[in-house]
Protein chains: 6
Amino acid sequence: MYVDMPASELPAYRSSQVDPDDFDEFWAATLETSRAAASAVRIEPVESGLTTIDVFDVTFSGWNGQPVKAWLRMPKGATGPLPAIVQFVGYGGGRGHRLEDLFYASSGFAHFQMDTRGQGSGWSLGDTPDPDGTGPQTPGVMTRGIDSRETYYYRRLFTDAVRAVETVRELDSVDASRISVFGISQGGGIALAVAGLVPGLAAVAPCVPFLCDFPRATVITDGYPYKEIGDYLSIHRDRVEPVAGVLAYFDGVNFAKRASAPALFSTSLMDSTCPPSTVHAAYNVYGGERSMSLWQFNGHEGGGIVDVERALEFFRGIVGNA
Amino acid sequence: MYVDMPASELPAYRSSQVDPDDFDEFWAATLETSRAAASAVRIEPVESGLTTIDVFDVTFSGWNGQPVKAWLRMPKGATGPLPAIVQFVGYGGGRGHRLEDLFYASSGFAHFQMDTRGQGSGWSLGDTPDPDGTGPQTPGVMTRGIDSRETYYYRRLFTDAVRAVETVRELDSVDASRISVFGISQGGGIALAVAGLVPGLAAVAPCVPFLCDFPRATVITDGYPYKEIGDYLSIHRDRVEPVAGVLAYFDGVNFAKRASAPALFSTSLMDSTCPPSTVHAAYNVYGGERSMSLWQFNGHEGGGIVDVERALEFFRGIVGNA
Amino acid sequence: MYVDMPASELPAYRSSQVDPDDFDEFWAATLETSRAAASAVRIEPVESGLTTIDVFDVTFSGWNGQPVKAWLRMPKGATGPLPAIVQFVGYGGGRGHRLEDLFYASSGFAHFQMDTRGQGSGWSLGDTPDPDGTGPQTPGVMTRGIDSRETYYYRRLFTDAVRAVETVRELDSVDASRISVFGISQGGGIALAVAGLVPGLAAVAPCVPFLCDFPRATVITDGYPYKEIGDYLSIHRDRVEPVAGVLAYFDGVNFAKRASAPALFSTSLMDSTCPPSTVHAAYNVYGGERSMSLWQFNGHEGGGIVDVERALEFFRGIVGNA
Amino acid sequence: MYVDMPASELPAYRSSQVDPDDFDEFWAATLETSRAAASAVRIEPVESGLTTIDVFDVTFSGWNGQPVKAWLRMPKGATGPLPAIVQFVGYGGGRGHRLEDLFYASSGFAHFQMDTRGQGSGWSLGDTPDPDGTGPQTPGVMTRGIDSRETYYYRRLFTDAVRAVETVRELDSVDASRISVFGISQGGGIALAVAGLVPGLAAVAPCVPFLCDFPRATVITDGYPYKEIGDYLSIHRDRVEPVAGVLAYFDGVNFAKRASAPALFSTSLMDSTCPPSTVHAAYNVYGGERSMSLWQFNGHEGGGIVDVERALEFFRGIVGNA
Amino acid sequence: MYVDMPASELPAYRSSQVDPDDFDEFWAATLETSRAAASAVRIEPVESGLTTIDVFDVTFSGWNGQPVKAWLRMPKGATGPLPAIVQFVGYGGGRGHRLEDLFYASSGFAHFQMDTRGQGSGWSLGDTPDPDGTGPQTPGVMTRGIDSRETYYYRRLFTDAVRAVETVRELDSVDASRISVFGISQGGGIALAVAGLVPGLAAVAPCVPFLCDFPRATVITDGYPYKEIGDYLSIHRDRVEPVAGVLAYFDGVNFAKRASAPALFSTSLMDSTCPPSTVHAAYNVYGGERSMSLWQFNGHEGGGIVDVERALEFFRGIVGNA
Amino acid sequence: MYVDMPASELPAYRSSQVDPDDFDEFWAATLETSRAAASAVRIEPVESGLTTIDVFDVTFSGWNGQPVKAWLRMPKGATGPLPAIVQFVGYGGGRGHRLEDLFYASSGFAHFQMDTRGQGSGWSLGDTPDPDGTGPQTPGVMTRGIDSRETYYYRRLFTDAVRAVETVRELDSVDASRISVFGISQGGGIALAVAGLVPGLAAVAPCVPFLCDFPRATVITDGYPYKEIGDYLSIHRDRVEPVAGVLAYFDGVNFAKRASAPALFSTSLMDSTCPPSTVHAAYNVYGGERSMSLWQFNGHEGGGIVDVERALEFFRGIVGNA
């Protein structure tokens, strides 16, 4: 069933999220510090048994120079420079198994799939620790370090993601002018953050993105993971305002305003995990060219493989065939 | 939590399923009729956008000559003859989207993924109708046509599967002596049936197979789809014995006895959909060489991608590299 | 709790369902074909042990001449001609056990209870097969054959229902001018279809009717069986429009417009299976005299036995005492 | 799924319930007091609209002379004396609507359906109050007055039931030597109590009876209403022994031992409300001739209408045709 | 998630509850009768093992003079007269264990915790019977005696509560001019009733109060215990109007209008048990000074210990330090 | 219902948990390092408004010298030395609100309630961070740092607990020879760890303790938090053995063997969170005098306030009145 406002009201909806004055300074300083702490990327070929794809185990410098894992998959023997797709992963998952997610490389792209620090134990494997601790929190990562914008978990994860793109840009096998970013759910939210923080991307495809419009998302659904925040605030009753203040620095709405690359979004009218109004909150203020796949009878699975297929066509329309 | 007998008792467990006297005659006649009704296979290339894999849309003659769809995926430009893997699909699903399931072709095999008649609307798409009707039934296909062995749904589906293997054997691009079958859940149950009905297979890998040991499976779990049968019998109270008589012709236990190809099974100690004793009921009487992946903390997902990886290694150990 | 629009808005609500140009031609042709294929009804007395009621096992010609079962119950030794009530059954059920549903015959009416093809395994027994197959579908009958209006399951079932009334009209024991139709839930939806397709009915009583206002019913509730359609469209994403086109030929809203017999509806403000607005969608455009029992604190059970009692009083007010 | 011990162990199972020394004195005194307080029965014809059955509204003297309602249904115009069936009702229900439960009267019997004091608001209507109060209790009637055998709710209800049979025996229209008792679930438990307390019954049919083998029933299932007792003891931790002492006076196991009329029981292997071992606890010690319908794939619905049909055949085998 | 109207609409919301003409006469007569039947309070010291608090077991005369239990807790050796807090308890609970709820006495107040007749078996212990019986009802106390205002359960319980305050006023150890009442959920609803019936209270603190605005509460949520009323009306379909008539005499909205003591309310925007609009229905018409704690991310737990802390500060602001 | 082996088998049950050779060395080294890093405790009086109890906000040095919060509650104006009770808290909670948990101080004891690092956001507040990070994990703390015994979360938390007791021993207001430890669920598991690691405790009372007998606990229940481990291993399939190796250093069974102080345990036969066999696994090998409260009809709430009352009596029986 429909779980949000009528579809006809979605295009005009605007989030009540604020845009902190020092938003750009905060992120500029955050990224600068991490860039300064970076060391050289390590890329090691993996014996996968695949005959059409080469798989590489990548370790790059993420937040504060901390090592972050990724898979790089390339068409067999490709030397490039190829157009690249950097992919981020959904909540609870990691970069997965080396034999999963063969689609983009099978389509001729360099495919860089970033691991998710401290997650990677829910529905897909991860190998990257989150070496920073936490104050009192509810289970999950939504309230890890939520005491301050400095310690919040997503400061580290979004920085990893920016650093992933910057790492890919330096690869000889990649055409730095043809890098797109892609992600589903949390991966879509990360893709939006990257779109707002990294200039010069070719294209962005956030599918059923999470992490958008916290003021509404936290009160319109009982679905997890948004509800982790509500659980926390139901106990930390005096933290409603401060937590809102922290989240403003991490809201996809604010990243969307700052983005300029062409974007293809998707959302579903029956998605109670990432309700369609919260996705439109980001989409409606997106700073670049934009289009939307609106799924009428789907929930959080959105368009599934069709979202992926459309993303590929969208990327090819911009960067050409791989 | 563990949902079945202690793991230590699994190796000695034997099903109470009977082996009907005319089991072999029933299936021989069934298959002969369908072979006689067959017409030529149609294979049409599909524009997929993939650069490392060729995808073909296949229509072959299944039960009673009825048209059944499949995808054939081959490494780009391969002419063969290649070793082949014929895959069957889990309950509710169909052959899926042309861009899904790239693994086996990316590993150098001819990959033939059969559609599932009348299903294909649950978690993956299908395109094959089941043009035969039904008597009174519960929702799903477990009791479709269960009035008699002649009209039971799985008579048609298992015949489709045998015909799929026979179709693949005739392809120029395939090495007929190196055909393996693979499937998960319902797909694993179909693979077992094929293993018992088709001589000369190279190898068989049924992962967390469904459709085994009906006498125990229907009373030891409340999980669907086995419970469809219990739902039916809770209303058709006078059909307990006749339905048991029909199911004996479709039980993986009886197919397993007749199989001879080397087999790799998997099962999970916490699987309440296909409990581990029901899988061992087939495994323990399997007629060929056999090995088992026993997952301790998994449910019906079993080994997931690791089951697939192991299956590939198992196939390669027998048929060599593709 | 209330599950739909405020009660005060129900009288003015109008469905967005369209009325296909060739709706009447489609149904006229459908019925004509089936009438042409009909053979003689068979009526056999049943040993029931009842001392006040005679029970007969009926086999009549339904869709395309296919045999459909029914129970005919008459007051003991009645020779008629009696007024008759033709009853249709709820989703998943069949004509039931010969000893069930004694009410209408105990009230002096000829009571004809039609079986439901291919259902009859959920909460009551059935004996009628649905010999036509299906394309890919979700479990249940809501998407069986939904590829086209020609193959859709309800084309066959509604035709059975029309043929049931036509069969009863020919019985010597029945007064053909005093035939009413009755049904609850799916049975109510069938009764509405019959009311729109069969002229000359004495009265119609659809209780908490199903199968009305598909455009709203499929998006306003997560209750089954309406959600079967949503499940199907969540996988068959490209079939949203075609499926809507098919359903327009089977919507109670369109049948209600064409009906002329006096009607007594019922609906409940807390019914999430057949929400009250969807019932009003048909009621508000009903072509004959109409009245409504609106239950304030009930769900899909509606008025229960009180709905039945009121229906009997309503029928008696029109056809007189039996 | 099976919810209790293996079916093969049921025949040998014996309850650990004790048989209090003064069980018979307790009940003799209880009944004597209530008989002494009785006043004349009132029987008023009801305008039902039925043409084959006469319905009467009965008010008789139950526990302590308190008025209890019932429906008496007779074949139209019958003057008797007829064989009679006294029916008791399941948990939460009452005597129901005057137009429900026409089966036994349609079969030629006098049918006396007793109301259930203070219930009658769950799934069927009741009209009889329970004018005695309660100590602290959990919702429902299982712990109402459980402080002592004197105040326990079922002392009053079982006395009502004995008095119902005694009332029916005095009716001119009934043959006092041909009275049977029938009930499903709680109604079956009441029937067992009556069988143990009233001599001279023709036959007894307790279907899926409740209120048997409290020592096991309260710990082997989480199903309500048995769990009401567990809920109470989870708070009243020091009342485990006293409550067990009270319940011994109301356990069907103890009534079954004292019964002598022929009995037909039913139970289901998948019934988690009244598990099959608890039914066998009473059945295995039943004092008269006994037989059992054992349903393999049913839950608490047991044999449904087939249980009723068998009960009628069983009664007719003893008392002859009505 | 938010479960009710937008927070911005709460201040202007008014209930549709009516105010019966003889409301005041009904309650005046009720209380007068019970006062006339009262006997002397009994207060017995309890050996608790506590070294800072004295605990007394109290038995006072409630409705119709019936004995009602309470705990009286006082700072060790206090002779008073102390300011007092009379507390009422939530649904299903009783006065609890003698060692629970030490907060108010540890703060220097005389703390009088009234038991709840016939409840006290859910989450906390009770010792007080409800010696009056019931007509047909659903499980719980919401429909106990709902046939008439005279027999309704809450007539007795509210009278107990008034009598509790009157009893405390007579204690030597208490300053009769400094008595406040407090309660959570059902306890808050009772506190509101007392505020409307007893003049001269120092202060009132109803936290997340239950029993307010029945016309809306019974249709806006499926949460229990409000739904007990809906369950009853779904069977007793002809009692919708009479039950509404009875409930008008027990609605917190009507008590709130008559109250004059300063009040501190609380409610939660995510409370589906006692939705915030129903609390505002009472709050918005409250007759005395009033303030509200509005919790944004809480459910029925409201402010928890913070509600208690604020209540104490509120009481101290009026009656001074204990 | 009963959720584990029959009660009669509990006394003889022994866990299969191993006892690592270097268990004692591991813990000795761990504690020594943390003691060496300790700085002076800070104790600050809190304005609570309570008149019978003094509340102090404590900050002491836990694992690796990291600051950990606690509440110290003392009878008003007590100068001591008093006997003390150190309490640990259940999963998800923290030290709570300063106004909660007044029982032990009201009984004359010094009550020291330790906060729980990184939790304290579920059902009670906490203020202590867990500044160490984590590898990939499932939500919650059960798999935080489970890669190695060095990094496992409970290494830090158990060390905090030992340090809490050592901190209390140094307080002037406390009699160091009369310190007991108490906890419920996770708090009981921590109490057991402390009992095994700290000599010279007066008494130990673990109520329904968690963290015992991991080999059985992780496979016998689907209840959280034990299932967090199963969730992790269902993805990290190759970590079954290593994780078991890590957990052996943190199992209450191994701590129980090493304990010597008298102990009072509790467990419930219907507890599916901490099943009774897992509690008996520790109890049956406990190294000191021991007794058990076995609750027959309770779940994880165990004896509730009665467990607390018994613990106090037990402590008083050993250390005398406070």
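Just so you know, glycine gets a Cβ as well, placed from its N, Cα and C.
All annotation found in TrEMBL is predicted automatically rather than curated by experts.
Note that the structure is predicted; figures quoted are calculated from it, not measured.
Now, the feature entries from TrEMBL:
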type     : residues  : note
ACT_SITE : C:Ser185  : active site, nucleophile
ACT_SITE : C:Asp271  : active site, charge relay system
ACT_SITE : C:His300  : active site, charge relay system
BINDING  : C:Tyr91   : substrate binding site
COMPBIAS : C:126-140 : compositional bias 'Low complexity'
DOMAIN   : C:3-314   : domain 'Acetyl xylan esterase'
REGION   : C:120-142 : region 'Disordered'
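In the three-state DSSP classification, C:Asp271 (active site, charge relay system) falls within coil.
Applying an 8 A CB threshold to same-chain residues 6+ apart, the list for C:His300 (active site, charge relay system) reads C:Ser185, C:Val208, C:Ser268, C:Asp271, C:Ser272, C:Thr273, C:Cys274. Counting only same-chain residues six or more apart in sequence, the Cβ atoms lying under 8 angstroms from the Cβ of the residue listed as 'substrate binding site' belong to C:Gln119, C:Gly122, C:Ser185, C:Gln186, C:Phe210, C:Pro225. Per DSSP, the region 'Disordered' (C:120-142) is made up of 0 helix, 5 strand, 18 coil. Confidence annotation: the domain 'Acetyl xylan esterase' (C:3-314) carries a mean pLDDT of 97 in the model. Cβ-based neighbour count (10 Å, all protein chains) for C:Ser185 (active site, nucleophile) stands at 26.
Counting every protein chain shown, the number of other Cβ atoms lying within 10 Å of the Cβ of C:Asp271 (active site, charge relay system) is 24.
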